[in-house]
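Student: The following feature annotations were taken from TrEMBL:
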| type | residues | note |
| --- | --- | --- |
| DOMAIN | 40-290 | domain 'G-protein coupled receptors family 1 profile' |
| TRANSMEM | 26-47 | transmembrane segment |
| TRANSMEM | 54-72 | transmembrane segment |
| TRANSMEM | 92-120 | transmembrane segment |
| TRANSMEM | 141-164 | transmembrane segment |
| TRANSMEM | 197-216 | transmembrane segment |
| TRANSMEM | 237-260 | transmembrane segment |
| TRANSMEM | 272-292 | transmembrane segment |
């Protein structure tokens with residue numbers, strides 16, 4: 001990505017080195033959240049594979065969403081824990097920073113698309129029940145997942161290529177704990193405007209457009225729910241959507257605040273808090289939300305536990 005006749009700079013990740021009194025509590029808090037995220041997402045992946053009752057399009061998408069969350073948090077957290085274990089900032093190589101950002105973008109965009117596919121699945125099952133098996137056949141589901149990953153790869157390739165061909169200072173310092181797009185982009189000494197316009201366009205396309213499609217799907221679902229005569233039916237239908245809705249607002253809420261708010265309204269501390277939320281807390285919460293608020297997942301979990309306990 002960079003010119004061969006130039007020395008590639010190392011990036012100094014400041015992390016939380018300015019908050020030394022909090023580094024110990026942060027280390028243990030992030031570690032526990034990371035272990036919970038690993039356990040929860042691995043459990044969802046195992047359940048959606050092993051349980052015949054979860055072999056439906058919704059849980060096929062949930063399987064891939066949990067895989068994305070697992071990889072997403074693993075791309076960032078191990079390095080963050082290593083940095084928190086040392087009192088001073090640590091450097092990351094040029095290619096290490098580029099690789100972390102590339103994987104981060106691939107998984108972030110893939111998650112946007114997967115959440116949109118899950119919203120469409122809910123729309124199809126509630127608003128188009130007679131055509132559901134046609135709309136959400138196996139080939140369509142595989143295509144949606146494949147497109148989600150492909151969009152992530154295309155976006156990551158174009159953004160990483162654009163950002164890491166810009167000239168950087170000889171000793172660039174990133175006021176963050178990961179190589180996120182905006183903090184790295186703002187270090188470049190030239191071409192900022194072109195790159196920032198590109199980032200904002202991608203933000204609109206891959207955050208606002210998927211979110212708009214999700215809102216449209218749920219607007220039609222809400223209309224269908226209100227048209228139902230039975231209160232019990234309304235509650236039953238809404239309960240099938242509540243888990244996904246909560247996950248959508250957690251993910252898109254923090255992403256929108258991070259990438260769409262004006263630069264003048266941002267602060268280093270707030271950026272790090274928001275990034276901790278969507279790289280550590282959200283991947284930990286999603287399995288809990290889908291397990292506790294979804295009767296089918298809860299039932300499959302208890303069935304698996306009973307089977308393991310009763311087996312010799």
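Numbering starts at 1 and runs along the chain as displayed.
A Cβ is built for glycine as well, from the same backbone N, Cα and C atoms used for every other residue.
Note that TrEMBL annotation is computational and uncurated.
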Student: Can you say which of 54-72, 141-164, 272-292 has the most Cβ pairs under 8 Å with the transmembrane segment (92-120)?
Tutor: 141-164
Student: Based on Cβ pairs under 8 Å, which of the stretches 26-47, 54-72, 141-164 lies most in contact with the transmembrane segment (272-292)?
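Tutor: If we count Cβ pairs closer than 8 Å to the transmembrane segment (272-292), 26-47 scores highest.
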Student: Could you tell me what the rest of the chain brings near the transmembrane segment (26-47), counting residues at least six beyond its ends with Cβ under 8 Å?
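Tutor: For the transmembrane segment (26-47), the nonlocal Cβ contacts are 16, 19, 54, 62-63, 66-67, 69-70, 73-74, 77, 80-81, 84-85, 276, 280-281, 283-284, 286-288, 290-291, 297, 300-301, 304.
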Student: In the predicted model, what is the mean pLDDT computed over the domain 'G-protein coupled receptors family 1 profile' (40-290)?
Tutor: 86
